[in-house]
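**Student:** Let me begin by handing over the structure; questions about it come next.
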Amino acid sequence: MIRLEKRPQPSRLWTGLSPVLAVLLTMVFGGVLFAFLGANPFEAIRTIFWDPLFNTQFAGFTRPQLLVKAGPLILIAIGLSIGFRAGIWNIGAEGQYIMGAICGAAAGLAVYPASSFLILPMMILFGALGGWAWAMIPGILKTRFGTNEILVSLMLVYVAENILATASSGFLRNPEGRGFPGSRNFKEWDAAHNAELISGTGMHWGVLFAFLAVIGAYVLLTRHILGFNIRLTGEAPRAARFSGVNPARIVLFCLGISGALAGMAGLFEVAGPAGQISIDFNSGYGFTAIIVAFLGRLHPVGILLAGLLMALTYIGGELAQLMLGVPGASIQLFQGMLLFFLLGVDVFTNYRLRLGQRETA
Amino acid sequence: MDLSSINPVLLVASIMVSATPILLAAIGEMVVEKSGVLNLGVEGMMITGAVVGFAIAVNTGAPGWGFLAAACASAALSLSFGVLTQFLLSNQVATGLGLTLVGLGLSSLIGKPYEGMKSPTLPKLDLGPLSDIPVLGRMLFSHDIMVYFALALVAGVWAFLKFTRAGLILRATGESHDSAHALGYKVVRIRLAAIAFGGACAGLGGAYLSLVRVPQWTEGMTAGAGWIALAIVVFASWRPWRVAVGAYLFGGVTVLQLNLQAAGANVPVALLSASPYIITILVLVVISARGHHGAPASLGRPFHATT
């Protein structure tokens, strides 16, 4: 008879070990999946996790992509993790990402074709504002009426996608684009281009902001009273209220910061790697960031590593698609499986396995 | 715009069709939540049901097998959520989100070869004289069997929860799992059964989308229907008949906006397409402003038997 016994404290060993175990389990089951799809499992796993970094032939091309993909994931996941710590479930980061991109791009395009070093900072600011405002909708509805933020933030993703469709074929469409949908290309406008900072590394302003966010979140959560209150709200809401924490303020702060970071991530993507507002520039980073946040144990440093790993699966997935003909959707499943295994393995963090008969009380 | 092009008879008839998938998913999720489990993976289970149902129906040529397979596949998928949340005591919100992500990935993987195909669809039932009633017959009595099955399921769930002993036990588990456990009921087993039922219902709803409503397979075709189903459970205050009302209301909004788009209404298309989601939010706000009535007390809380 196996039974579970609650640990008085979460195990520190397992907190670190469970993501590693989850990744290994995902590799095993992912390998089985690839075998079913007719690819050599060992080759597939190597293509996904090893080749993008170390293959002599194309690693030079894929390595910069790592930071390009990890930047937005980390930036969004850091924001989400702060909310998740407080038990506030913003799962509409994808919508905030889109709205940030639209607002930031619109602010930039409003002054086209001016050239000033202030344009990109202004766009970043408006990007953050756009994401923030979009996240404030569930925030205010939750604090004012007690509406469930999970459902509202998610519904707003679909609303944002519709706004994106209008923007790319309507009010933000490139007037010189011969009627094709999509905005002006920021890559052709130096003042607004979120260019690579060090060439050949993939490092752009968004990646830099992601690293800053990691440091900021770490300081906030471990060294600041607000971070303490956020953690307290998540772990013991009643205790938090008795100690004078205003729950409404925590809700608004958590949703606001995650929205602003997601909005910035959207703007960096549009002004940099994506280049323009188009109907499908968003590639689901807002949802993958949820996996990143959990895989990183809701801890800033963990999220940094998890973001890099998840970026690797994106690049490796594309590579596997190209080299081995593995369907692209299998990577999405692969990422979902990772979250599943992680949540399952997590049982060891909070519980101890006991074998044998239970003692009589 | 030309409103006269909208035929009210066809409008009501198509509302019944468009409400059915959401109704199926929502009534299943309501039972799950009544047992005290919050499964946010409805979207993932629905889309898995949609693709499995479509694939089986295309391969066997029989939509009935498609529906059956969809129910089984989604129930099996929901049991993975059940194992994680009930045995491994994982966070229900996170696991539900994970289930959605897994379902979306799985479905696009399975569905790739089926894109652009046509499936056999359900025949319209011939209800004899009922279908021949001039206006009402076309509106209400000339649908396929799943439309009526969904309504019968609502009645069944209502009767089960209200009049049977098993229904009472299920509700007790949802209100206070510790008390139910102390009385000797197997909380985990009851919840697993509820989760599997919810999964099967979501699968049927998804299969209805891909086999009747559309009828085609496209990636991400549920487009938030599973989330709307979740919202409807809240809207309905966890009562079966209100779930039906909610689903028909949302079915109405969806159909109406499609009709307005087709009629060339003087409203931006994006606003019309977004309207079901915006209205969902508005309804949630109104409901929550009144206070939460009827949410099971143990909803979303993990159960760990210490003795």
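In case you wondered, yes, glycine gets a Cβ from its N, Cα and C as well.
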**Student:** From A:150-172, A:173-195, which range did TrEMBL mark with transmembrane segment?
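**Tutor:** That would be A:150-172, per the transmembrane segment entry in TrEMBL.
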**Student:** Do the transmembrane segment (A:150-172) and the transmembrane segment (A:95-112) come close, with at least three CB pairs under 8 A (pairs 6 or more apart in sequence)?
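**Tutor:** Per Cβ check, the transmembrane segment (A:150-172) touches the transmembrane segment (A:95-112).
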**Student:** Are there three or more C-beta pairs under 8 angstroms joining the transmembrane segment (A:329-348) and the transmembrane segment (A:12-37), sequence spacing 6 or more?
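**Tutor:** By the criterion, they touch.
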**Student:** Which stretch from A:95-112, A:118-138, A:203-221, A:250-271 shares the most C-beta pairs under 8 Å with the transmembrane segment (A:70-88)?
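**Tutor:** Answer is A:250-271, with the largest number of Cβ pairs below 8 Å.
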**Student:** Please work out whether the transmembrane segment (A:95-112) lies in contact with the transmembrane segment (A:250-271), by counting C-beta pairs under 8 angstroms that are 6 or more apart in sequence and asking whether there are at least 3.
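**Tutor:** They are in contact.
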**Student:** Apart from its near flanks, which chain residues at least 6 from the ends of the transmembrane segment (A:118-138) lie with a Cβ under 8 angstroms of it?
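**Tutor:** Residues packing against the transmembrane segment (A:118-138) from afar: 90, 92, 95-97, 99-108, 111, 147, 149, 152-153, 156, 160, 191-194, 205, 209, 252, 255-256, 258-264, 266-268, 271.
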